[in-house]
Amino acid sequence: MRIILLGPPGAGKGTQAKKIINEFNIPHISTGDIFRKNISERTEIGVRAKAFIDNGQLVPDDITIDICLERLTYKDCENGFLLDGFPRTVPQADALQEFLSKRELSLDAAINIVVPEDVLKRRLSGRRVCVHCGASFNIETNPPKLEGKCDFCSSDLIQRSDDSLETVNERLEVYKRQTQPIIDYYSNKGLLKNIDGYQDIAKVFEDICKTLGRDPK
Ligand code: ADP
Ligand code: ADP
Ligand code: ZN
């Protein structure tokens, strides 16, 4: 399966990604996670990306396309992958298309998680993420079993600096301006699957599995 996950910040892409990769046994490729890892390791890419991420802007296409397409050449992507947070612009979608076409590969689905904007803002303000594995929790809607600790690896949970109200508003505007157009792009290719993301996490996952033609385990 080669799947991409679309949806605005806070739609639940990361949360569903963790479940999808278990079900389909494919690697989870999150450009946001790759950037955060580079930032924490203070690499050159990390330093360049940080300035954009902190302001709620997208990282420029040249950097983002390079790191994502490079990751797709790893051996673990041979049997498929789940892209979470890429593509986010039309040039990124074109670059992915070119990469796949050259290899005579194609996407199976573009899953678009749809959630009302006021719900997104509430979710993002309550989001807490694991410093180690990146898992997302929510102090209101999806609390960890033990306060402040990750269910999966017991590491500390923190609030992402770009989840501040001001940056969230900017990210939602950027989404509408730069990412919304790729919904039409995948719709025109017949790949778009809209999923109602304003349901509990298990139900959203069930709907995603159904749309991919599979009964969840
Ligand atoms: P994204 O990767 O799309 O930005 P996340 O998966 O990090 O989104 O989810 C955003 C926040 O909303 C997190 O705090 C997460 O725990 C919470 N969340 C995710 N899915 C749901 C859902 N279906 N219902 C309620 N809260 C959710
Ligand atoms: P969310 O889904 O909650 O918006 P991500 O972890 O996917 O968060 O992304 C965090 C930030 O990383 C984005 O706001 C953006 O600055 C940068 N980023 C992630 N993916 C991309 C991308 N495909 N293109 C450009 N910037 C990206
Ligand atoms: Zn963890």
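Counting begins at 1 with the first residue displayed.
Backbone N, Cα and C atoms are what each Cβ position is placed from, and that goes for glycine too.
When TrEMBL records Thr31, Arg36, Gln57, Leu58, Val59, Gly85, Phe86, Pro87, Arg88, Gln92, Arg160 as binding AMP, the matching candidate from Arg2, Arg103, Arg171 it lists for that site is Arg171.
Across the structure, Gly12 (ATP binding site) and Phe86 (AMP binding site) are spaced 14 Å apart at their Cα atoms. Taking Gly10, Gly12, Arg127, Cys130, Cys150 as the candidate binding-site residues, the subset whose CB lies under 6 angstroms from any atom of ligand 3 consists of Cys130, Cys150. In terms of local Cβ density within 10 Å, Phe86 ranks first among the binding-site residues Phe86, Phe137.
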